[in-house]
Amino acid sequence: MVIEFVFSVFPPLYEGGLLFFILLLLVYTFIISGNLVIFVVVQMDMALHTPMYFFISVLSFLEIWYTTTTIPKMLSSLVSEKKTISLAGCLMQMYFFHSLGITEGCVLTAMSIDRYIAICYPLRYPTIMTSKLCVQLTAGSCFCGFLLVLPEIAWIATLPFCGSNKIHQIFCDFTPVLSLACTDTSLVVIVDAIHAVEILASFLVIALSYIRIIVVILGMPSAEGRHKAFSTCAAHLAVFLLFFGSVAIMYLRFSATYSVFWDTVIAVTFVILAPFLNPIIYSLRNKEMKDAFGRLFHQKRDGRAQK
């Protein structure tokens, strides 16, 4: 009976593992620090206490934990000779990784609804997108994320694993783990269908929102107004395409199979690359966020000068 799994895709330390470890550690440090700074700045700067930045701060908070479910284990696997994870640890990693991922998808959907109302119904926006509604949408996103995955994890926990224990992926995921079960796993079709519904529902809401937004923006008489409206949506649209694009390729394939190399590349995109780019997209490319950084920095500097 298998009680632990082995990650077979990580190279040994002497074959480049140390180099990958250093690069991944730098990326992980940037992800944590970048998203933490965004979260803190949004909380402390009154000018950013708007629904859009509230959702950005929630997304940054989720990104910290989303990456923490996988990257620390990847780092240890890169420098350790024993690249293993216990069955219980594998189940926990799958649960929190997918729960946080679904929650992020729901928050991105809420962000698209926020932008839709802001641009298509600007006069009604303050009365519709209240602080209470933002909190409710966030709580609903967390509820969906952490509840929807639970039945799948509970089912996988009952399966016997008595054959190979090698996982051909950089983290514990449904398909690689289910392929190691020594029993009928035809119910995986149901799992695939659930993932498809989750992904497609969010995708359709976001896509329809932005189609309507683009139509409204193109109808604006002012070029400056069109530019400002496009710029407020561009960051969210970039994150949406990066996150949902890679997730769709990975989880909407059903019976299609990829090589271990391409499975790993796709996984790296939404596990590492998307969280890495989010702080850059939402801060360095955002004038209001950069202004908030400046105000916070000057306040701290002035406070030290007064002392």
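Quick reminder: no glycine exception, Cβ is built from N, Cα and C everywhere.
Annotation source TrEMBL lists transmembrane segment at 18-41, 53-75, 95-113, 133-157, 199-221, 233-254, 260-281. The feature domain 'G-protein coupled receptors family 1 profile' is assigned by TrEMBL to 34-282.
Against the transmembrane segment (133-157), stretch 95-113 has more CB pairs under 8 A than any other of 18-41, 95-113, 199-221, 233-254, 260-281. As a whole-number mean, the pLDDT of the domain 'G-protein coupled receptors family 1 profile' (34-282) in this prediction is 85.
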